[in-house]
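Structure record follows, encoded as C-alpha cells.
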Amino acid sequence: MVLKVFFPSCCSSADSGILIGRWISEQNSAVILAVVHFPFIPVQVKQYLGEVQRVTKVGVSVLGSWTNSKQEKEESLSEFLEDLGTIFCHEPWIQISKEGDSKFWSCSILQKHSKNPQEEEIILVYYDQRKVMLSHLHPPLDTAGQRAEDASKLSAIFDTVARSRVLFMTDRYDEGPIKLTHWQSDGVEASIIVELLKQASVPACMLLTFLFSMLSGICRSRVLKFWPLSFLWSKLSTCEQLGHRLQHLQVISSNKKAQNQNQLMRKANIFVSLLIDVALGILLMSWLYRKNRIGHLADTLIPVADHVAEELQDLLQWLMGAPAGLKMNRALDQVLGRFFLYHIHLWISYIHLLSPFIEMILWYVGLSACLGLTVALCILSDIIALLTFHIYCFYVYGARLYCLKIYGLSSLWRLFRGKKWNVLRQRVDSCSYDLDQLFIGTLLFTILLFLLPTTALYYLVFTLLRLLVVIVQGLIHLLVDLIDSLPLYSLILRLCRSYRLAAGVKFRVLEQQDGKPLRLLMQINPLSYGGVVQTYRLPTYSCYPKDSWASLCKKLFLGELIYPWKHKGDKQN
C-alpha cells in the first residue's frame with residue numbers, strides 16, 4: 001500500500017507539535033492542515049477540534065506528530081510525541097521530523113493497534129496551502145473517464161482545505177490556549193476597505209433590488225404589450241440591450257448569497273463588465289461633447305445623406321438604361337426605375353425636413369453613452385437602420401417581386417409536367433389539366449420568364465446594398481456581444497492569480513532516495529484562456545438568426561427577406 005501525506009509547505013519551519021488534518025481512508029491519504037505546537041492541553045485540543053468539525057463538517061483530527069530538531073534538541077521529545085498517539089488514538093500515527101539543516105526529512109508510520117502491521121511506502125507531498133484554499137478545481141473540458149476520476153480525487157484534497165477556513169482564522173497573536181501554525185499564522189489576510197464595502201453593500205443591495213424590481217415590473221406591465229410599444233420594444237436593439245442590462249443589474253444587486261463558485265464568478269464577471277462598459281461610455285461621451293464634435297457630426301450627416309441619395313439615383317439611372325450591355329424589358333425597367341426614384345425623392349425630403357433638429361437629437365442621444373458603450377453602439381445600429389430605411393424598402397420591394405415570379409414559375413413548371421402542389425398533404429401530386437388551362441399556363445410562363453431578368457437584376461443590386469448594411473450592423477452587434485459576454489473578471493484573475501482557476505495539478509520530484517520517503521511538490525495547473533472564456537462566458541441575446549451559409553444562399557435565391565432587427569422567429573442565446 002502507498003500512503004500519501006499532503007503537507008503544507010508553510011509548516012516546514014513550525015515548532016514541534018502535533019499534526020491536525022483529515023484522514024481520507026478511500027484514498028489512503030492524510031491532508032495536514034496545521035501544526036499545534038507546545039504548550040497545549042490535550043483536552044482543550046479535542047474540544048477545539050470538535051468545534052471545528054461542527055462548523056466545517058470536516059472530519060478534522062490529530063493525525064500524528066511533527067518534530068523540528070533544529071529548534072528542539074531534547075532527547076525525550078520524540079518519546080513524548082510518540083506517547084501522544086495513545087491519547088489521541090489515530091491509526092495510523094504519522095511521525096514527521098526535520099533533521100536540522102539537512103534537506104532530508106524522515107517520515108514514519110506507527111500502527112500500535114493493528115494486529116498485522118504492514119510496511120507501507122510513503123509519499124510526502126508538499127502543497128501551497130494558500131493557493132489550494134483560494135483555488136477551485138475545474139476539471140478539464142475534454143475530461144475522459146479516468147481523468148474525471150483523478151479530478152474527483154484531487155477535488156477531495158481541495159475541498160478539505162477550502163472547507164477548513166475557520167481553522168485558518170486564528171493566528172499567533174490570539175490569546176487562546178492553542179497555538180497553530182498554518183498559512184495565516186502570522187496574521188489573517190484581510191482588507192479594511194473590503195470589509196467596510198461588505199458591510200455597506202447589504203443595505204445598498206436591498207435598495208437597488210427594490211428599485212430594479214419596480215423597474216422590471218414596469219417593463220413587464222401590460223402597457224408595453226400593446227402595439228406599437230410592443231413592436232418597438234421587440235425591434236429596436238437599444239431596448240433589447242437595456243432589458244439585458246437590467247437583468248444583469250438585478251443579478252448583481254441581489255442580496256442572496258452565491259451558492260457555488262460559478263454563481264460567484266458570474267456575478268463578478270457581470271459587475272466588471274458593467275463597470276468597464278460604463279467607463280468606456282463615459283469616455284465616449286466626454287469625447288463627443290468636447291470641441292463641439294456633436295455639431296460637426298450633425299453638419300456632416302446631411303451632406304453624407306445627400307451624397308448617398310445621389311449615388312442611388314445614378315445607380316437607378318444606370319439600371320434604367322442598358323446595364324453592362326444587358327437587354328432589359330424597357331417597359332418594366334422604366335416603371336421600376338421611376339418607382340424607386342420617387343422613393344428617393346421622398347427620402348431626401350424627409351431628411352431635409354429633419355435637418356434643423358438633427359443636432360439636438362444627436363446631443364440628447366449622446367447622453368445615453370453614460371449608460372454604457374453597448375447602449376451607445378445599439379443606438380448607433382438603430383440610427384443606421386433608420387437612415388438606411390429606404391434601402392431596406394427597395395430590398396423588400398425587389399425581394400417580394402422576385403419571390404412572386406420565382407414561385408409563379410415553379411408552379412407553372414409543375415403544370416407542364418401534369419403535377420400540382422397538395423397543400424393539405426404538403427407534397428406534389430399528379431393532376432390532369434384541360435387544354436385551356438395549359439394554354440393560359442404557357443402564356444403566363446412565357447411572360448414571367450421574359451420579365452424575370454429585369455426583376456432579378458433589381459433584386460440583386462438591392463440585395464447587395466442590403467447585405468452591406470446588415471454586415472455593418474452585424475459588426476456593431478458583434479462588438480456589443482463581445483463586451484456583454486466576455487468574462488473580464490475571470491480573465492484578469494487568470495492573468496494575475498492563475499491559481500484561483502485550477503484545471504488540475506502537476507507533481508515535481510524534490511527528493512528520491514532509498515530509505516527515504518518520496519518527496520513531491522504539488523503545483524497548480526491553471527485553466528487556459530480559452531477554457532476560462534468557455535467556462536465563464538456570459539449569455540447574450542442574438543440580434544440576427546444563426547443561419548448557415550447554405551440556408552442564407554437558399555433565402556437569397558428564393559427571395560426570402562433578411563430582417564434588419566431581431567424578430568419573433570429568431571432564437572436567443
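Backbone N, Cα and C atoms are what each Cβ position is placed from, and that goes for glycine too.
Small disclaimer: the values here were computed from a predicted structure and weren't measured.
TrEMBL lists 200-219, 270-289, 335-354, 361-388, 394-416, 437-461, 467-492 with the feature transmembrane segment.
Per-stretch counts of Cβ pairs under 8 Å to the transmembrane segment (467-492) identify 361-388 as the leading one among 270-289, 335-354, 361-388, 394-416. Count of Cβ pairs under 8 Å against the transmembrane segment (394-416): among 270-289, 335-354, 361-388, 437-461, the largest is for 437-461. Comparing 270-289, 335-354, 437-461 for CB pairs under 8 angstroms to the transmembrane segment (361-388), the maximum falls on 270-289.
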